[in-house]
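Novice: What TrEMBL shows for this protein is this:
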type: DOMAIN; residues: B:370-400; note: domain '4Fe-4S ferredoxin-type'
type: BINDING; residues: B:Cys380, B:Cys383, B:Cys386, B:Cys429; note: [4Fe-4S] cluster 1 binding site
type: BINDING; residues: B:Cys390, B:Cys419, B:Cys422, B:Cys425; note: [4Fe-4S] cluster 2 binding site
type: DOMAIN; residues: B:410-439; note: domain '4Fe-4S ferredoxin-type'
Amino acid sequence: MITAAASMSALGLGLGLLLGAAARKFHVETPPIVDELEALLPGTNCGQCGFAGCRGAAEAVAEGTAPVTLCPPGGRDVALQLAEVTGSDCGCGAAGGADLSGMAEAEPMIAFIFEDHCTGCTKCFKRCPTDAIVGAAKQIHTVIWDACIGCDACVEVCPTEAILLRRKPRTLQGWYWEKPAQPFATRGTEAVS
Amino acid sequence: MIRFSLSGLKPSTLFRVRGGVHPETRKFLSAGSAIEAMALPALIRVPLQQHIGAPAEPLVKQGDLVLKGQLIGRARGPVSANLHAPTSGKVIAVGHFPAPHPSGLPVPTITLRPDGEDRWGPRLPRLRPEDAAPEEIAARVAEAGIVGMGGATFPAAVKLNLRGKYPLHTLILNAAECEPYLTCDDRLLREHAEEVADGAGIMARALGVARIIVVVESNKPEAASAMRRHNLGMGYPIEVKVVPTQYPMGSEKHMVKAVTGQETPARALTAELGIVVHNAATAHAVHLAVRYGEPLISRVVTVSGRGIARPANVRALIGTPVADLIAHCGGLSGEPEKLLLGGPMMGQPIANLRVPIVKGTNGVLALSPSETHRSAAMPCIRCGSCVQACPCGLTPFELNARIQADDLEGAAEVGLLDCVSCGCCSFICPSNIALVQGFNFAKGRLAEKQARKHQQEETKRLAAARSAREEALAEAKRAAMAKRKAEMAAKKAREAAEAAAQPDGEVVK
Amino acid sequence: MKLPQVASGPHFHSMFNVPRTMVAVMVCLAPATGFGLYQFGWPAVLLFAVTLAAALIFEVLSLIVAGRPVLPFATDGSALLTGWLVAMTLPPWAPWWVGVLGAFVAIVIGKQVFGGLGQNLFNPAMVARAMLLIALPVPMTQWVAPMGLKDGPGISEALRITFGGGPGYDAMSSASVLGHVQSQLDAGRPMPEILSSMASLHDQFFGLMAGSLGETSALLLLIGGLCLVSLRIIQIVTPLAVLGSIFLLSGAAWLIDPEHFVPPLFHLASGATMLCAFFIATDYVTAPVTTAGRAIYGAGIGALIWVIRVWGSFPEGVAFAVLLMNAVTPLIDTYVRPRIFGRTRSGKPLPLAASAGEKP
């Protein structure tokens, strides 16, 4: 009885020590995911997330203090990618979940300048993170659609409220057919493929 | 399930193509009526983009008077096409108008009010193709704004300029017209075989090839015999090959396979096999442009379907509103279930009769419910008809399952991007599943994703450039400040030194 | 004018749709069924009607429970066809509840539990047949000799046989051909002697012997099946593969040892071979979709049928063979794919030089 207990304890102690030693010896620093997250973010430091630049946002996401849905210009795609890197502990589930469903609706936005109100103050032009606004002092400014990410930075600084975010207009080139409704789709089943 | 065998046709000249379907062709509705002219419409609308590539740049503004054949839109970039005024008249607007497209989205359009005189402006100078250099011919075709008239609308001159890049040996003239209902190429060959042959010869010269094959489906014997009578184009012998009536025989790569047995590799051009395929109507347009200096301002359109009172083939000006064409053919008889531009398999549905026909419009169809055989959609029963019918060797039912499950990348893995949207699978599907629409959706979504990714990278680049610039500016500022500071300090030091030196001047000395 | 709704092409459709396909299969199945019903008389007719009605009722009930639209699915003909096939596999004089149970297993467990039309992994009729065979070995192996509608029991007697659960009829003792062969072989008698003691090949081919409805007239089933092929509803490859592999395997075995193996034509004409080859192995939902896949699938079924008949404990192996191959269908579909146009089998673009080399 005593020998059995003693041998079991010794065995447990020995194996426990071995495990502990192995954990120390083979300890691997968890790779910092901040860099990885930062690479996924737009990198424009537009500040819409409330953090100091994309680096700050990436750090917050890595710590778990910010949701993966924090980046409005990145939209659903970036949120999904962030969720993938941080894993499913972000509270949004692998497939997107409830948190992302709101983002799916968010369409790409774009800045419009009301030319009547524009005074040519160049504030927006200086603030734009992607140089999407062109213009000169005392001249009406214009937005280059292809470069605009709809980050809201220019709207904030405009003294005459001449800038507005609008939904990006749909063009023939970007148009495609809607997904057809599946007839009598059964829940969660599909043809064996 | 649906396969064709070539036994019974001329042996050894044709090759088997996988899949395909045999829809009722219903060409008898319009095949008997000769190409007719129509009265000038009240308005003509010329969209700036009627071709693949960049839209043309408008050269006219509101209020301008234009003459027939005058250049009103100039090609922008290497893949684009010129636009010409289809008739003389006044430009009443250069703005946006709904596109002849299922979306009905507004596109830049020049609207003309014809003056009724149909007065020609100066034509392009005549060219004797026998003496002209291949480059000159291609340049003339480009000037005339000719695009592929089978529906793909790829600028024809770009294809004629492939000479230097690939070792070309054969020109295939596509007159298969495998889409049901359409008879415009059939009539063109029957009535203008000589011109088509000449156009083919001109193109052969531009391409530097010696072999011309005209491909006609077996249900158009008159067209084939007309071409056999005119079997010389500019001295080049023209072979006529009759292929079995089978959809989609007119698909470029499948036609090349059927005629030569060569299979174009995925994502490659037929030109890499030395073969260039052009539409028969394009050859006719080339003939007109090169021999007579006439730009592409009209085309033959089949107006057909049981929803049309008097189906016909009409030579219509580019930009003629669909409503005028239908009115010319006696109007609609009853309410059509479908209104289409193009054929019933790959044509585009439209929801607006005021949209114009464009260079690629080969048909205007009004289909009555009795023709469409539409029934309610059911779940997939895995019958495999779509797999048997797919000419591209895909498994459409599986693609559809993946797309319905939002696994677009998975669909791309099993060949989504090799789909040509020919419609065989949807046509044959007993469950009436909208397979092609799903594929079009998935392709569009994937392209959009690609574009977005590209834009994200571009944004990153822009942001990086901006921060680098700002950094450089700040650095320059700092450097300037430091320099000034240093100067100031140096000055101060000098002054101090001088001040200090003065009283001790003697000592230094 | 009301403008039509805009949807992507193609804008017209072939004449085929699901209900038409199902009806066509039933029409092609009708001659053999009709002949079987005539041969086995009123009890068979009653059982057939009960099974079909039960299949339809279970389908409707399942749809209601699942909250799916009833009308389009109940009228698509698939439930009737399944019920029909179940009835074809039952002993014609079995009591009514065997038919109802078969319909229940086929429709509810075999089909609706998987998600309804197009979703089931296993052939519902064969699921029902296999389950009944295991659960009810006695009623499922009580065969009668055919005696024709006129000479058989009248309607009232038929009602008693089917619904009354009365004692077995005298003729119930008759064994099916394959069952007879197996029991005789087990008794150690040589094959030629067994064969000479039973119905001739001719009788089997025309359906003049005991068995289930579907085991009777191989000829009429063959004709119906060929009609399906000519209507392009099924591909000839599946039945050819099934029959071919049975014929080759049994032929080879018979040539080696004619004392212990049944001759190949006997295999083809007896049992549910024809029914399986043309109407069960060709079931869309549970078979592979490519031609090559169907060939593999058919050959597998044929081989399994023969193996089960020769070495298995059941005289007839169609149901088990089909179910086993059903399980392999997803695997076949994954690996047997058509070659994509312009690509090699492995999915890479065709090499230019190779395709240019085919130049005529």
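Each position is counted from 1, following the chain as shown.
Even glycines carry a Cβ here, placed using N, Cα and C.
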Novice: Other residues with Cβ within 8 Å of the Cβ centroid of B:Cys380, B:Cys383, B:Cys386, B:Cys429 at the [4Fe-4S] cluster 1 site?
Specialist: B:Ile381, B:Arg382, B:Gly384, B:Ser385, B:Pro396, B:Phe397, B:Cys425, B:Ile428, B:Pro430, B:Ser431, B:Ile433, B:Leu435
Novice: Residue list, the domain '4Fe-4S ferredoxin-type' (B:410-439) vs rest of chain: Cβ under 8 Å, 6 or more residues beyond ends.
Specialist: 1-2, 19-21, 23, 247-248, 251, 266, 345-346, 374-381, 383, 385-386, 388-400, 402-404, 446
Novice: Between B:Cys422 ([4Fe-4S] cluster 2 binding site) and B:Cys429 ([4Fe-4S] cluster 1 binding site), how many Å separate their Cα atoms?
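Specialist: Pair distance, Cα basis, whole Å: 13 Å.
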Novice: Please report the three-state DSSP label of B:Cys425 ([4Fe-4S] cluster 2 binding site).
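Specialist: Going by the DSSP assignment, B:Cys425 ([4Fe-4S] cluster 2 binding site) falls within a helical segment, counted as helix.
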Novice: Can you tell me the mean pLDDT for the domain '4Fe-4S ferredoxin-type' (B:370-400)?
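Specialist: Mean model confidence (pLDDT) across the domain '4Fe-4S ferredoxin-type' (B:370-400) is 90.
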Novice: Which has the fewest other Cβ atoms within 10 Å: B:Cys380, B:Cys419, B:Cys429, the binding-site residues listed?
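Specialist: Checked B:Cys380, B:Cys419, B:Cys429; of these binding-site residues, fewest Cβ neighbours within 10 Å: B:Cys419.
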Novice: About how far apart, in whole Å, are the alpha carbons (Cα) of B:Cys429 ([4Fe-4S] cluster 1 binding site) and B:Cys390 ([4Fe-4S] cluster 2 binding site)?
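Specialist: Roughly 11 Å, rounded to the nearest whole number.
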Novice: For the binding-site residues B:Cys380, B:Cys383, B:Cys419, B:Cys425, return the ones with C-beta distance to chain A below 8 angstroms, or 'none'.
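Specialist: Sorted by position along the sequence, the hits are B:Cys380.
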Novice: What is the interatomic distance between the Cα atoms of B:Cys386 ([4Fe-4S] cluster 1 binding site) and B:Cys425 ([4Fe-4S] cluster 2 binding site), given in whole Å?
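Specialist: Pair distance, Cα basis, whole Å: 4 Å.
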Novice: Which of the binding-site residues B:Cys380, B:Cys383, B:Cys425 have a Cβ less than 8 Å from any Cβ in chain C?
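Specialist: Among the binding-site residues B:Cys380, B:Cys383, B:Cys425, the ones whose Cβ sits under 8 Å from a Cβ of chain C are B:Cys380, B:Cys383.
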Novice: Give the number of CB atoms, excluding that of B:Cys383 ([4Fe-4S] cluster 1 binding site) itself, located within 10 Å of its CB.
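Specialist: The Cβ of B:Cys383 ([4Fe-4S] cluster 1 binding site) has 26 Cβ neighbours within 10 Å.
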Novice: Taking just the CA atoms, what is the gap between B:Cys419 ([4Fe-4S] cluster 2 binding site) and B:Cys380 ([4Fe-4S] cluster 1 binding site) in Å?
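Specialist: Cα to Cα, B:Cys419 ([4Fe-4S] cluster 2 binding site) and B:Cys380 ([4Fe-4S] cluster 1 binding site) are separated by 19 Å.
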